[in-house]
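Beneath this line is the structure, given in structure tokens, with notes to follow.
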Amino acid sequence: MIDQLNPEQQAAVTLPPQHALVLAGAGSGKTRVLTTRMAWLIQTSQASPFGLLAVTFTNKSAREMLTRLSALLPINTRGMWVGTFHGLCNRMLRAHHRDAGLLQTFQILDSADQLAAIKRLIKGAGIDDEKYPPRDVQRFINGAKEEGLRPGSVDAWDAHRRRLVEIYQMYQDQCEREGVVDFAELLLRAYELLQRNAPIREHYQRRFQHILVDEFQDTNTLQYQWLKLLAGEGASIFAVGDDDQSIYAFRGANVGNMAEFERDYAHGTVIRLEQNYRSYGHILDSANALIAHNTGRLGKNLWTEQGEGEPVRVVEQPSDLLEAHWLVDEIKAVIGEGSLRSEIAVLYRSNAQSRVIEHALFSSRIPYKVYGGLRFFERQEVKHALAYLRLMDNLHDDTSWLRVVNFPTRGIGARTLEQLSDLARQNNTSLYKAVPLMSGKGGGNLLKFTELIQQMAYEAQILSLPELVEHVIHHSGLRTFYQGEKEGADRLENLQELVNAATVFAAEENFDGLPAGRILMPDAPLAAEDPAQPPAADSAEDAATDADVFSPVVQMSPLGAFLSHASLEAGDNQAQAGQDAIQLMTVHAAKGLEFDTVFITGVEEGLFPHENSLIEAAGLEEERRLMYVAITRARQRLYLTLAQSRMLHGQTRYAMRSRFLDEIPEEHLKWLTPRERAPVVANSNWSAGAYRRGDAYGRPSTGGAVARPARSLTTGVSVGDKHFRIGQGVTHAKFGEGTIIGLSGAGVDAQAQIQFRDVGTKTLALGIAKLEIAG
DNA sequence: AAACAGTTATACCCC
DNA sequence: ATAACTGTTT
């Protein structure tokens, strides 16, 4: 089992029970180490399969872990605590819903549901949505929860923030009333449950002697606290991660957790996995050189035995269109060399870039697949069907109620619903309960809808899960509705797919033939859910303790279980995985994947690094990690492409090449188009005089009126008597000295992105801002 | 008066 | 592609 591992991997796998941090570089066999560690612990009887807990960030990697584990050992992995943070917290909360203060049937809001709930709240409470945009409110609430803060503990230093806290509180009340829980709440509740309830905490602390964490660099503050609490004094935490691949700060991930973990627990038990089994030398060296520009790293250098391979190819094109055309030609050539299409990936920083690339591929009839669109359970028709199903489980789920009350349309409009909402608010009840209170007309249609829901809820007590799903799709009118739609064929297919998903799920969970709505009492208490394949020494003793402490056990109906599954799984977003097609995705989506050939497109200032991230140094470092992730996806060949101009939001924008290109030593690069002597953007100050010059293609120098070939592009904008160009030094009365790093628009609409020495990057309207051109 | 259907404005960085 | 707006239908 371990003899195929390299010495570092072996050391990690066979570490005695103690806290440890494994710094696992890209392509260093991270998942393998994790799974082998689990297998080793079990095989050497240091842990039973049910005495360890492994947590990951995606369902996919949780599944992969279990698959690999069962390949290593002849054990039944069912019932093991291996899953995502959200999945495990959900499991815990379901088991102890009473102690957690939740309804047994609590529903999970995904972020779209959450946003809808917030919008509804803001409307209902008459809050100005200009001053409090629902998106910002959502960010505020989730941010607070990820820090472990309830409304009472959030710092509110000004009126605006105080109001936000009030909204946060109102939102919590609303969730409480409706019996719903958002993603962040799942974690916070589970944390508070462990914190407040000593018997439960001690039970889990006793049970899980080994806690293994994947992708530790992506944990947020709350997740780390949860792990600490769960580990208590006795358990060992085996944390695997790569601080250089931390790219989720925008959703709360805290890179600092890695260093903190080392301080708190690992005390020098840090194992570095630096041998890379994926890429050739030039690619790795480029990645190493780039990431070396970040500060505060734990430090790590990837190496390979594979040789240096091909240099990284760099291509600069005048426009995004030409970039895409070049891309298509090059892809054809790579395919011509015998590469599989599915082994070629085109990566981009932002989704907006995919359009042009897709268009070019489509025109050339090259099959491609875009990742990261809507996932199965996020599609509107599926969400509609799920909303009906949720109402079967909990009639007071107002979010679901509002989603489908008039879909398909049944003559219940905004006016009626407004009245209903008012009634519900006045009586502090759900919309469902408020229906009988409605007097007068308009109520007729509402009543009919209520009866429909009641009827379907009744069916849930009789029909099996797949039958119920089918029944609901039919009797809700969803099927008829989409049959009448011009573009409804796909949606009908997805609805059918939902029935299939329910069938598969019911079979996997042994729900066959059971009524969807009937609550299942598991036949044994918590610890005894162990199928007890290899006899766990402590299980009998554990079960006895559990029976005393826990009367409530996992109570769930097949329907409830399926709805949880739908919320937490979100489904695959790759429709037809079988076909051999070029892989298109954002850099974020590419994390964890690898390809023979990788194209990283749009390697430009303002795009990659993204302009929004340049405001603070931490943002720039995250962008650099993002580039690091992108580079390390490539096995054999890597291309970096950039365009001098690009259509964005209907405007042409001009940008310089990314500073990241200049952070990779030239010895690893091979420019396929001439490298211009463009300025190197050092952090804030670079000397004037280093701007663009004309090049071999006869593109203009930026000096001013130069004859240009027909296709060439302006890199400057004139406003009044001033002429602005990229790379120009300017001064602003308030912001001080800066440099133009991007231009867009023309005439009165002209705007410039300016990187100021002291205040970061700002976008200014050239017609308004009084800029002086620096000498 | 209320609900519906079709049109137009704006949008988006990443999960 | 969602939200806001407009004209038409019940």
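Glycine residues also receive a Cβ, built from the backbone N, Cα and C atoms like all the rest.
Where the annotation comes from TrEMBL, it is an automatic prediction and has not been curated.
A quick note: this is a predicted structure, and the numbers were derived from the prediction, not measured.
Annotation comment: TrEMBL describes A:3-280 as domain 'UvrD-like helicase ATP-binding'. Among the features that TrEMBL reports, ATP binding site is placed at A:Ala24, A:Gly25, A:Ala26, A:Gly27, A:Ser28, A:Gly29, A:Lys30, A:Thr31. Positions annotated as domain 'UvrD-like helicase C-terminal' by TrEMBL: A:281-592.
A 10 Å cutoff on Cβ-Cβ distances gives A:Gly29 (ATP binding site) a total of 21 other Cβ atoms nearby, all chains included. Listed in sequence order, A:Ser61, A:Glu64, A:Met65, A:Arg68, A:Asp214 are the same-chain residues at least 6 apart in sequence whose CB falls under 8 Å from the CB of A:Thr31 (ATP binding site).
Sequence-distant neighbours of A:Ala24 (ATP binding site): residues of the same chain at least 6 apart with a C-beta under 8 Å from its C-beta are A:Lys30, A:Val33, A:Val240, A:Gly241, A:Asp242, A:Leu273.
The ATP site is set by A:Ala24, A:Gly25, A:Ala26, A:Gly27, A:Ser28, A:Gly29, A:Lys30, A:Thr31; from the centre of their CB atoms, other residues of the chain with a CB within 8 Å are A:Val33, A:Asp242, A:Leu273, A:Asn276.
Computed over the domain 'UvrD-like helicase C-terminal' (A:281-592), the whole-number mean pLDDT of the model equals 81. The Cβ of A:Ser28 (ATP binding site) lies under 8 Å from the Cβ of A:Leu273, A:Glu274, A:Gln275, A:Asn276, A:Tyr277, A:Leu302, each of these being in the same chain and 6 or more residues away along the sequence.
Secondary structure from DSSP puts A:Ala26 (ATP binding site) in coil. The number of other CB atoms found within 10 A of the CB of A:Gly27 (ATP binding site), across every protein chain shown, is 20. For A:Ala26 (ATP binding site), the same-chain residues 6+ apart in sequence whose C-beta sits under 8 angstroms from its C-beta are A:Asp242, A:Asp244, A:Gln245, A:Asn276, A:Arg278, A:Ala287, A:Leu302, A:Tyr628, A:Val629, A:Thr632.
Other Cβ atoms within 10 Å of the Cβ of A:Gly25 (ATP binding site), summed over all protein chains shown, number 24. Counting Cβ atoms from all protein chains shown, A:Lys30 (ATP binding site) has 24 others lying within 10 Å of its own Cβ.
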